[in-house]
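Features of the protein shown, as given by TrEMBL:
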type	residues	note
TRANSMEM	69-89	transmembrane segment
TRANSMEM	151-169	transmembrane segment
TRANSMEM	181-199	transmembrane segment
TRANSMEM	219-242	transmembrane segment
TRANSMEM	263-287	transmembrane segment
TRANSMEM	323-341	transmembrane segment
TRANSMEM	353-376	transmembrane segment
TRANSMEM	382-400	transmembrane segment
Amino acid sequence: MLLSSVRTAIFCGCRNAGKGFQNNSRSPQLRQWLVKRGQSTITVEAGASPAPAAVTVPSAATNRILGRWLVGCSGLVVGAVVLGGVTRLTESGLSMVDWHLVREMKPPQTQAEWEAEFSKYQQFPEFKIMNHDMTLSEFKFIFFMEWGHRMWGRLVGLAYVLPTIYFWRKGYFNRSMKGKVLGLCGFVFFQGLLGWYMVKSGLEEKPESYDIPRVSQYRLSAHLGSALLLYCASLWTGLTLLRPAHKLAETKNLLQLRRFAKGTGGLVFLTALSGAFVAGLDAGLVYNSFPKMGERWVPDDLLAFSPALKNFFENPTTVQFDHRILAISSLTAITGLFLFSRRMVLPRRARMAINLLTTMAYAQVALGISTLLLYVPTPLAATHQSGSVALLSLAIWVLAELRKMPK
């Protein structure tokens, strides 16, 4: 009590002294010191602490920025998937026989550098078995196809990592978003490593085999599958940030429609993934007829390999048969989703998404049949592969429009 009284008396005296000096222009420094001393004493007495520095927090505006960024990143992933499909169709994926993160960003410039790169390619099975009469100009074409695919992959990585660092420092991420973007960036690095792991499988010497050298269909499907997962996660997160959920009455029909849409989306994803096995085994070059496979609905060599499970991953006939069944199942499910949605009152965007999904499904099946009947021409096959990503995108849009309102 005594200490507090003394402190108060001193403070009052200082304040009164400060007032006495207010009209004295000859002592401005002393007056400022007394005023500051009085303010600091009041702060200490009140137990106040200095105001923390302003920190940017997520808001509707920052969510729009993050949503556009992630949707843009998903578009870059689509470009990588399409370019990778064209690289596979033109048999260019094994033209670059080593992997360097920075050094390979600059392609050969001089004639000597091109000849050195070509001589490295000549030491591997694809040249020895299939391209032994290839010229340097032909090699340059397949080299630039693979080089473009790899450089695009690096662009995708930068598009994820650099904005993540910037937005993190600006405080745009809440705790949930921090985990999501770290997962996406980690997935990008994993995707690059998996791509090289896939290429290595096509560069290995196999003395017991004289077949056309190709990458492992298992690694190819893993590479494509991880790219599709990265794409789906980016697009879904971006759409949920950009598009507020509709205020829909949680009726029994809506719950059934939402479950139906989730199952259909999963089926579309599985169908797209099965296309990687078709590409990896060149399964589109067998049984180029529809709806029958040759003269039969079920071909004789469907289970030619032993054990039987091996046929689903290594038998071109079985792989094509599975892809057909999955494609028809996806079309049937999407048609059922469309018909079921007609019985309900849905927002305009949700109905538009379902209509576009249905239209794209029929177009994609038509592209697939045409690609098969015409013996897999590269432009048509690339369009069919791109169509699978478009179909998957529309399925994600439907799910985003039908999602439940957060509490």
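Think of each number as a place in line: the chain as shown, counted from 1.
Placement of Cβ uses the backbone N, Cα and C atoms for every residue, glycine included.
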Item to check | Tertiary contacts of the transmembrane segment (263-287), as residues 6+ beyond its ends and Cβ separation under 8 Å | outcome: 85, 88-89, 212, 214-218, 220-221, 223-225, 228, 232, 293-294, 299, 313-314, 316-317, 319-320, 322-323, 326-327, 329-330, 333-334, 337, 371-372, 375-376, 381, 385, 388-389, 391-392, 395-396, 398-399
Next on the checklist: Should anything in the same chain at least six residues away from the transmembrane segment (219-242) have a Cβ under 8 Å from its Cβ atoms, list it; otherwise answer none.
Outcome noted: 63-64, 66-71, 73-74, 77-78, 80-81, 84, 88, 180, 183-184, 187-188, 190-191, 194-195, 197-198, 201, 269, 272-273, 275-277, 279-280, 389, 392-393, 396-397, 399-400, 403
Checklist outcome for this item: Sequence-distant residues near the transmembrane segment (323-341) by C-beta distance (under 8 Å, 6 or more away from its ends) are 256-257, 260-261, 263-264, 267-268, 270-271, 274-275, 277-278, 283, 351, 354-355, 357-358, 361-362, 364-365, 368, 391, 398
Next on the checklist: I need to check the long-range neighbours of the transmembrane segment (382-400): which residues 6 or more away from its ends have a CB within less than 8 Å of a CB in the stretch?
Outcome noted: 78, 81-82, 85-86, 89, 228, 231-232, 235-236, 239-240, 243, 261-262, 264-265, 268-269, 271-272, 275, 279, 330, 337, 350, 353-354, 356-357, 360-361, 363-364, 367-368, 371
